[in-house]
Every structure is written in structure tokens, then in C-alpha cells.
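Down below is the structure, laid out as C-alpha cells.
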Amino acid sequence: MPMSLPAKKAPAGGAGVRRWVFTIVVSVVALVLTLVVISLSAGSSLHRTSLQDYLPVGVTGLGKLSSSERADGNTNGTVIGEEPLQGGREPLVEQNGQGGDLNSGQPSPLTGKIESKEPDPVASGDTTSTPDEDSSNESQKAEQGTCDLYHGEWVLDSSGPLYTNNSCPIITQMQNCQGNGRPDKEYENWRWKPEQCILPRFDARKFLELMRGKTLAFVGDSVARNQMESLVCLLWQVDVPQNRGNKRMHKWLFKSTSTTIARVWSSWLVHRSTEAVGIAPKGIDKVFLDVPDETFMEFLPRFDVIVLSSGHWFAKRSAYVLNGNVVGGQLWWPRQAGKMQMNNVDAFGVSVETCLTAVVTNPNFTGLAIVRTWSPDHYEGGAWNTGGSCTGKVKPLDEVVRNGFTDAMYGKQVEGFRKAVKNAGQHGSRLKLMDITEPFAFRADGHPGPYRSPDPNKKTQRGPDGKPPPQDCLHWCMPGPVDTWNEMLLETIRREFERDRS
């Protein structure tokens, strides 16, 4: 309410003047204080915002990386792999006999720290929108398919996983971390939060409806199997499938929507033979870099969506064949042959271009081809068979130690993908990249480590000599981070199907 100055006449004399001035000053001060109180009352109703306003998850997030630093070309990689045996069985560990540490041992210049994410439009100087409008914009970006899913942070989600090792019976024993006695569970509770939108929690019914009457196939090695089993487990919670597989292709049919999830083994995604070729004797794997793998190409017309991944087998002993000539090898090369024309990293890049070009230009394939990028391992202090370890990792890393081999293989994979898109011309839009490498470089906590079997006598701690027990720091626990791949997969399929309908 406005205040008026006293209407009294100023008394005569010096004392009267001083009293009159004093009265004016007091009145002005009272007016200012009244205005301040009114301002504060109005300000208290301003909206505040925090991570809770746009995330259905926890309070803190893990730092993020932008793009990869340049790969250093280190090719001394070794892997845990698997290979089909007669009768369709697969060993859990493939002995390739090479040691060496994959890690470059140098901290990444692109590091992330755990930090609280509490946007404040006033503090940031952004007065163009309210928090409610920002949240709405995030949802719109996700719906319109304009949000980058692959740059963000890991946030703790107290709601936990959508399945357990007891509610899904098909988990490969080596990835059944809880069943194998792993004592901690927090690794199951981190969710990926893109910078500018929400990656929806996996919705099994929505996935099955999107894929009604369709077939999705995973093609690749044991890590592709890891993702396939994760997807089947997520779907199993709403519809128990029928096993329709055989020795050549694993298949699960979800009858409620006639949706089929399949897996075809392909170590390199290109043709492989053990027969003698040129200077490469019989018995060594020959990888024909310019010939796609017929074991899955013959099934290609049956697939509506195909998820392709490879690379880890390029650390295995093998010879590379291009245009009928032996041009290089890994862990094999005769001295008398002179200098190799191609190492395993370059060979991988050629194989990616070959496979993807063949898929997307096949006249009988009209579906969607998704390339899942290199899955990072987290062996520290050695390779899987030379003392490498991820023991004791119980939460996402604060910062990533660069892995030279991972950086090199990821770079060649993306390069091969781009070349295939260019080769495909008008069909290139049917190739999509699911770029999981950087986000999952933080997830050293998500591997089985020493919890690879239910054996109660297995070693899980370092010995008196400081050596770690045998462990798997390549594949992923189930449930665990690998389930996020299928949240990204669902979002990718949704965007593409909706774009096709519009």
C-alpha cells in the first residue's frame, strides 16, 4: 500500500527543521523496506528445478565424454571369444595365446566427474524458457527423433532392473553375475541419461507391438549373443517365448505379436575358411575381407531388422585375403613374405565396409540395418590371459583411461560404416549407427570379472603374490549395462518406423 509523507507543518527553528528532515528519512526508509518485502514475497513463488524435474531416476550423474580422441593404432589386442563347435555348441573362452596390455595407460583428456545436475535458468543467464518448457522440449526432441542418444551421463536409478537372474532362464552362465556369487548389485542400477532428452525405460509391450509380425536378428560374435539374451530376457517378462531355433540360427518366437528374435553366429561378418590360400597354409583362419559371410547373408531376406557387430575376433590368429591375395595377418606372418600390406585394424575397417555394403544393397533386403559399435573391454594391468583385471569395480568410472586398441578399432568401424552409406547411395538411409562405445567406456563395473561360474571354490580376490584371478572384463553381466543397449535399440527402431510412416 503506498505511503504518504506526514502533512504536518514543519516547526520553526533549527530543531524543528531537524525533526522534519528526520521524519522524511524515516518515511523513505519505511517505503524502501516495504518494497523489499513485497519483492521477496513475489520471488518466493518462482519455479525451481533439479534433475528430478526431467529424470525418473536418482540425483547425481556421471561425467560425459564428447567424441573419441584419435586412436593411436595399437594393435596388441587380445580377447575372450567363442567359436561354434560341431553340434552347435560354443566354448565360453577361446584361447588365442597372445598376451599384452590393451590399455595405453594414459588418462583421457576427455574426462568426466560425478556431478549434480541442477539447471538454473537465472544463474545461467537463460531467461528464454521456464524449466517446464525445457522438460517439454526434451520430450519433443525424443519424440521427433532429433536428440543425440549417445552423449550424456550415467545416473543412479533406485528402481532397479526390469528382470533378475531368477526371472530369465536363458542367461549364459558366465554372464549370470548374481547367480555366480557377485556380492554387489549397484551396477544394475545406473541408467543412461542423454544430454538433451530422455531415453525411455525399456517397454517390452511397446517393442513387441512395433515388431508385430516381424523378425529382428543379431549377427556377430559372443557379445552379440550377450545383447540378444538381454533383449529376450526383457521381453520374457511380458510374454514367454517359444524356442524355434536350430544349429544354424537361434530363434525365439513371441506368439502374442508373432515377433521373432534371432541370432546368427558370424565371427568376422565376412567369409572365413581354413583351406590353404597362397602363402597361408591350411589350418589358419583365412578372412576374406571383400566377401560377405554367406552364413547370415542367405537368411538376410527373412529379417526386418538386423543388428550387426564384430571386431573382437580380429585379435585372433588369422590371415587376411583381399582380391584373392594374402595381404596381412594377425599373430601370423612369414618373414620371407616381406612387409604386410594390412594389419588387423585396417583389415577390420575393410570388412565392415564389405559387410554393410552387401547388406544394404541386397535387392531382397528391404529392412533396417543397425550397426552396434565396438564394445569396450576394461582389462587393467594386462590382457584377459596375462593378468588383466576389472576386480573391485562397483560403480561407473569417474574418468576413462584411453585404450589404444579400442580407439583404433572404433575409428575404423565408423569409417567403414560411412563408406558403406556412401556406397549404398539412395539405400544408405537404411543403415544406422548405434554408437555405444563412449558411454560404455565408463562401465568397468558392468563385467562379470572373476564371477564367471557358480563354483563356490573359485578365486575372486588377488592372491598373496598380488595376481588377480582369471576373469571376464569383456562380456556384460545380466541384468546390467547391456540392457541399456536394448533401450537404445528400441528408440532407434521406433524413430525409423515412425519416419517411414510419416
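The backbone N, Cα and C atoms fix where each Cβ goes, glycine too.
In TrEMBL this protein carries:
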- 455-465: compositional bias 'Basic and acidic residues' (COMPBIAS)
- 146-197: domain 'Trichome birefringence-like N-terminal' (DOMAIN)
- 199-491: domain 'Trichome birefringence-like C-terminal' (DOMAIN)
- 64-144: region 'Disordered' (REGION)
- 443-473: region 'Disordered' (REGION)
- 20-42: transmembrane segment (TRANSMEM)
Q. The domain 'Trichome birefringence-like C-terminal' (199-491): mean pLDDT?
A. 96
Q: Using DSSP, break the domain 'Trichome birefringence-like N-terminal' (146-197) down into helix, strand and coil residues and give each count.
A: 7 helix, 10 strand, 35 coil
Q: Report the DSSP secondary-structure composition of the region 'Disordered' (443-473) as helix, strand and coil residue counts.
A: 3 helix, 2 strand, 26 coil
